[in-house]
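Annotated in Swiss-Prot:
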type    : residues                  : note
DOMAIN  : 4-169                     : domain 'EngA-type G 1'
BINDING : 10-17, 57-61, 120-123     : GTP 1 binding site
DOMAIN  : 177-352                   : domain 'EngA-type G 2'
BINDING : 183-190, 230-234, 295-298 : GTP 2 binding site
DOMAIN  : 353-438                   : domain 'KH-like'
Amino acid sequence: MILPTIAIIGRPNVGKSTLVNRLCQSNDAIVFDKPGVTRDRTYQNASWGGKEFQIVDTGGLVFDDDSEFLPEIRAQVFLALEEASLALLVVDGNQGVTDGDLSIAKWLRNSSCKTIIAVNKCESTTLGISLASEFWKLGLGEPYPVSAIHGSGTGDLLDLVIGELPENNIQEEEEKIMMSIIGRPNVGKSSLLNSISGEKRAIVSDISGTTTDSIDTLIKKGDTQWKIVDTAGIRRKKNVKYGTEFFGINRAFKSIDRSDVCVLVIDAIDGVTDQDQKLAGRIEEQGRACIIVINKWDLVEKNSSTIYQVEKELRSKLYFLHWSKMIFISALTGQRVDNIFEHALKAVNQHRRRVATSVVNEVLKESISWKSPPTKRSGKQGRLYYGTQVKNKPPTFTLFVNDPKLFGITYRRYIEKQIRLNLGFEGTPLILLWRGKQQRALNKEVERGNIELVQKD
């Protein structure tokens, strides 16, 4: 279903993101008492009165200042209005009409998009009507008093909004694969998003921390619909101050946790840092599918063997993700960027894959024939009876043995390696659960025909 879009527009610090959270009944938009917190355009779904729609939050719009990120923010607002079915101009009732409001109103009057004025910070219902009346002079119709913090007036505002929206274009809902672009600040995540999407979807700058929130972008490649999230750069905790970066990093970690696949971006010049290793550990810990993208490869002086030497060095430091595909790209030139989708889709498919118990046990049987389970000094030897896949996302196998303590880390790694060699699973972590089981209980299952033992006592 293609949803109509509402663009939230206004000066910096008038409460746009707070209003977005109120209308969407969420706290996904970062709210902080400082101008310029929102820079890129961010999307959230909402519903009211049985009608679904999409709200796009935009950065504070300023026409008479070109400092820092303001021109880029302006470009993002212009793009948001182009795709919107309705514009919601948010103004500050306590400040009254400002020159900035007048400039934005003039621009909106020249656009073809229907506009509704939401006069925010009207906590008093009675006083709010008086405060809102001043905004008639913007020439965009009746202003509506609301309080984004307390919620007063927002229900009436939503009633008005859904009355102005076109009917939803109902199509068969396509499954979306969620891909999160993860990495330290300034490794080229936003440049990669722009290269992937073919538009300037995110603001790019040499200044670390340009992206302060997680940005969602929908892209269709072949028959696959992707939801791509560019996340805020993640730094060491001691370097992160409470504020926009703190909230953005929390969003980034949440993006990892709910992703189908993570794209871990590494700077080819800097190599793998301690923070990159921690991010790799987080991805593995959460059981996410992953591919590793080495960006800025165009800046590396190389010969025919460089790529092999560099990959070996990088993998030695990213041992958490030994199962991940590694791709060397340039987000700036577009070199090998399209390969990301191919390998990400393979990783997702492996992450969701299920294998029949009979196939698992064939692999285990062969593995044991090549290398028997270890024997302790006491003379007691490990017995691997059988295994079965109990879940996917990530693929999880339970291996039933006589005593899990008899199987050390070396043999456990050997079994995982054999499963990967025989069954694949590139791009996804595997979880092997070693469970002790009594021979008597096993015999009953064998008698019922439920299982066939790989190894007997």
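Glycine is treated like the rest: Cβ placed from N, Cα and C.
Structure with Swiss-Prot features highlighted.
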residue: G10; record: GTP 1 binding site; Cβ neighbours (10 Å): 26
residue: N13; record: GTP 1 binding site; Cβ neighbours (10 Å): 17
residue: K16; record: GTP 1 binding site; Cβ neighbours (10 Å): 28
residue: T58; record: GTP 1 binding site; Cβ neighbours (10 Å): 28
residue: L61; record: GTP 1 binding site; Cβ neighbours (10 Å): 26
residue: C122; record: GTP 1 binding site; Cβ neighbours (10 Å): 26
residue: G183; record: GTP 2 binding site; Cβ neighbours (10 Å): 26
residue: N186; record: GTP 2 binding site; Cβ neighbours (10 Å): 19
residue: K189; record: GTP 2 binding site; Cβ neighbours (10 Å): 30
residue: W297; record: GTP 2 binding site; Cβ neighbours (10 Å): 22
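Averaged over the domain 'KH-like' (353-438), the predicted model has a pLDDT of 93. Looking only at Cα atoms, W297 (GTP 2 binding site) sits nearest to T58 among the binding-site residues N13, T58, L61, C122. Secondary structure of the domain 'KH-like' (353-438) per DSSP, as helix, strand and coil residue counts: 32 helix, 22 strand, 32 coil. Checking each of the binding-site residues G10, N13, T58, C122 against G183 (GTP 2 binding site) by C-alpha distance, the shortest gap belongs to T58.
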